[in-house]
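So TrEMBL lists these for the protein:
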COMPBIAS  1-12  compositional bias 'Basic and acidic residues'
REGION    1-42  region 'Disordered'
COMPBIAS  13-29  compositional bias 'Polar residues'
DOMAIN    66-225  domain 'RecA family profile 1'
BINDING   Gly96, Pro97, Glu98, Ser99, Ser100, Gly101, Lys102, Thr103  ATP binding site
DOMAIN    230-303  domain 'RecA family profile 2'
Amino acid sequence: MAKATADRESRSSRPSNDTNHKVNGQDATSIPRDPARDSALSRAVQQIEKQFGKGAVMKLDDQPKVLEGIPTGSLSLDIALGGTGIPKGRVVEIFGPESSGKTTLTLHIIASCQKSGGVAAFIDAEHALDPSWAKRLGVKLDDLLVSQPDTGEQAMEICELLVRSNAVDVIVVDSVAALIPRAEIEGEMGDSHVGLQARLMSQALRKLTGAISKSNCTVIFINQLREKIGVMFGNPETTPGGRALKFYSSIRIDVRRTGSIKEGEIAVGNRTRARVVKNKVAPPFRDAEFDIMFDRGISYEGDLIDLAVLSNVVEKSGAWYNYGPTRLGQGRENSKNFLNQNKDLCEEIRAKVLESKGVISQVKSSVEEPSPEDE
């Protein structure tokens, strides 16, 4: 009994493992630093900056705390991505089935970039870019750099030169599946070229990632879907180009068409769901749903109405949508048209939706005035 009591007293007299325990009578968190070590560290940092340039090494707190972003044209997707849209200085992958809205989404991002004074480039490896559709979405064709490379190596070299120029804000590569290695083009039809495209992407991304971060340029890769052969359980879908892009991407967005929007018997648009399956700058696995209309692309007003109803900013009673004492319209389409004609009210509702979501928007509104050419 006496031995057990002595053991308890011995344990109670030992110093605690708490991080705030005292060392030599002082809190561990307040122990003064060695001036000689600080001086040596300062000299080392100066030498590194002299040899490799300013910013080669820095304290983590010195970097900007809020990432700049580019609006996607869909407010719900901007919020799902963290509130700032597509982050600058990162690699982004957008993938999904055919005709799901991948290229349309990237063209909206390009239009938003140009609207804020940025420069955008489109590497059209599929040779399928429609200038009239891009113009309808708000892209300034005179300011858009377009390249239609012959090989995957040529596409990646062009992309690298544009990134290292420090003069381009957004580069879209459409698509990874169309980046054909030179050896495959020069070979015969039916030849086996195992792993060439994956090797090309892995090598290109190793070279590009650091330059992308330093130049604050966003590179968006559009990708297609393939199916694994012989998969009985789980998801058989995969994306071509190997695994490198999955690792190097800060954001991966899965875009799917979920239904048609009809006026009578005529389809006028698609209902689209975008799922953020990977996000290194905000919480992942968030969904966004929006309309892609065949005449104008992403319906910003329709997306805003859906968010406003979910956030209780706009009240829906029956078929009517009301914002306080203001009646927006009877039915969703009429309410969309009302907001499209009243931009100030649209901005007011947008601000309240962002406030209710707890998001401080770092990006400008994607509400655009209709251009005279489109009318």
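Glycine too: its Cβ is placed from the backbone N, Cα and C atoms.
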Hey, does DSSP put Thr103 (ATP binding site) in a helix, a strand, or just coil?
helix
Which residues does Thr103 (ATP binding site) neighbour through Cβ under 8 Å, counting only same-chain ones at least six apart?
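Same-chain residues close to Thr103 (ATP binding site) (Cβ under 8 Å, separated by 6 or more) are Leu129, Asp174, Ile222.
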For the ATP site (Gly96, Pro97, Glu98, Ser99, Ser100, Gly101, Lys102, Thr103), what does the 8 A shell look like? I mean other same-chain residues with CB within 8 A of the CB centroid.
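Same chain, not in Gly96, Pro97, Glu98, Ser99, Ser100, Gly101, Lys102, Thr103, Cβ within 8 Å: Val255, Arg257.
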Just to be sure I understand, if DSSP states are collapsed into helix, strand and coil, how many residues of the domain 'RecA family profile 2' (230-303) fall in each?
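Helix, strand, coil within the domain 'RecA family profile 2' (230-303): 9 helix, 39 strand, 26 coil.
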Sequence gap of 6 or more, C-beta under 8 Å: which same-chain residues meet both conditions with respect to Lys102 (ATP binding site)?
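Non-local contacts for Lys102 (ATP binding site): Ile94, Phe95, Gly96, Ser175, Ile222, Val255.
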Taking the Cβ of Gly101 (ATP binding site) as the reference point, list residues of the same chain whose Cβ is under 8 angstroms away and which are at least six residues distant in sequence.
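The list for Gly101 (ATP binding site) reads Val255, Arg257, Asn270, Thr272, Ile292, Ile298, given in order along the sequence.
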Among all the protein chains here, how many other CB atoms are within 10 A of the CB of Ser99 (ATP binding site)?
11
Taking the Cβ of Ser100 (ATP binding site) as the reference point, list residues of the same chain whose Cβ is under 8 angstroms away and which are at least six residues distant in sequence.
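The list for Ser100 (ATP binding site) reads Val255, Arg256, Arg257, Thr272, given in order along the sequence.
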For Glu98 (ATP binding site), name the DSSP secondary structure in the helix/strand/coil scheme.
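Looking at the DSSP assignment, Glu98 (ATP binding site) belongs to neither helix nor strand, so coil.
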Do you know the mean pLDDT across the domain 'RecA family profile 2' (230-303)?
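Result for the domain 'RecA family profile 2' (230-303): average pLDDT 94.
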Go through Gly96, Pro97, the listed binding-site residues, and name the one with the sparsest Cβ surroundings, counting other Cβ atoms within 10 Å.
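Counting other Cβ atoms within 10 Å of each of the binding-site residues Gly96, Pro97 gives the minimum at Pro97.
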